[in-house]
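Positions annotated as transmembrane segment by TrEMBL: 23-40, 60-79, 99-120, 161-177, 184-207, 255-275, 343-365, 407-425.
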Amino acid sequence: MATWGISGPVDLLRRTGILWWRCWPRLIGVWLLGWLARYWLIKLALYVGVHFGGFWGDLIMPLAALARLSTYILMFLVIRGETNLPDENTDGRSRYQAFVGIVLKTILPVFVLFAAWRLILADYALYLGSLNADLSYAAYSGGAPERTLTQAQEFMTPSDWRAYLAILIAFVARGALTRYSEKLPAWTQLVAVYLQALWVVLLLNAASNRLVGSPKWVSERKVIVWYTEQKERFFAHFSLLGQVWKWITDAVGPTVLAVLLAVTWIAIVGTVYAARPQTTWAGASQAAFGELQGSRVTDVASRTGLAAKARWQRLPVIVQTRASEIFRSLLGIADQLRDTLRLTVHSGPVTLCFFGFVFMATVVLDPNGAYFNVYVTDGYMWRGVAMLLGPHEWIWWASYRESFRTAIGALIDPLRICLVVAMYWHCVERASRPSVTKEV
């Protein structure tokens, strides 16, 4: 039966309020500890980068990304104790072993999801900006040798073979430590966690900065230039269609991104929690559109899927094999997003839209922690605080602005986490009902 009423949104707000009321002191404490850990790790990376080179600082920066991930995992685990979601630690492991296991399992998929929204670059951008300022000050004060612009850039962000060698060594060493974990001391798993974070972060940075190229590099590729020219030429003859196209992209583009951002965070929760009910697209269609319309949607999707599968099977075997390897190399990232989307559809269209709206409201209040954009630094909550405090000298703002930002983040980020977990909890209970999970 489709859920078009307001019971879903009301239940979502109720769960969010309960989780926040029960957990807010611990969540804020965990968030502040994570913020302090990231702050001092970035300071350590800056010191090493200034005195020994950016390559060695890059080896420390994955610890900051790992601290961010551990902060969210700890908040998720704190909240799970207030829900009826099952505990993944059912084989008698200690809490330490269970936590390390969760971190090892979630580093790659969560970091890839972070990279999709550039969140993994938030601390790295701060590190590079501070490193540039510190190197300039050291050269100006005589504490470092003078360098040309090219030499300074190479010193800050080396692009030689050392980065790729570090990726290879970290990947191989992490695999060896994980394979023989039962024969090694417990502390070696911490090394495995660091090595996992190291090769993933370095690989993502290499893929975005060196292998894929900058946005300018992408825009200059022949196929992109050809597409841009053809689109401009077409819209030059049909100006009305150009205006309609611009209106559609301006309206639909941000909406799609907002939904994907909200679903991404539910997927992150799903990688940490073990509660994954066996859902089907048939059950999701019935939950969203009702039994009759859901069956029609399922029939259309089935026919489309069979046609696509038939075309896929006509491809050469080598193409199918290589494509499957590429998908498996992502360790189920696409499958995770697909399963998460299918799970959230069980909440019904009204609840899903309401969740997306409330989630984006928290992003508008404070975007830090949800995604990263170099052109977006503060939300409307910071602007409201600035208006309440009134005008002050620049030195006053320079002294206290980070304290205000930290306080805002400590308030909004845990609240956003409670909202995401509440939505996941609601969807799991909806999808676990026998009338929803049965095959149709």
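Every residue, even glycine, has its Cβ placed from backbone N, Cα and C.
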Does the transmembrane segment (23-40) reach the transmembrane segment (161-177), going by 3 or more CB pairs under 8 Å (6 or more apart in sequence)? no
Would you say the transmembrane segment (60-79) and the transmembrane segment (184-207) are in contact under the rule of three or more C-beta pairs closer than 8 Å, pairs 6 or more apart in sequence? yes
For the transmembrane segment (60-79), the distant same-chain contacts (Cβ-Cβ under 8 Å, at least six residues beyond its ends) come to 19, 23, 26-27, 30-31, 33-35, 37-38, 41-42, 44-45, 48, 99, 102-103, 106-107, 110-111, 114, 119-120, 123-124, 127, 193-194, 197-198, 200-202, 268-269, 272-273, 414, 417-418, 421
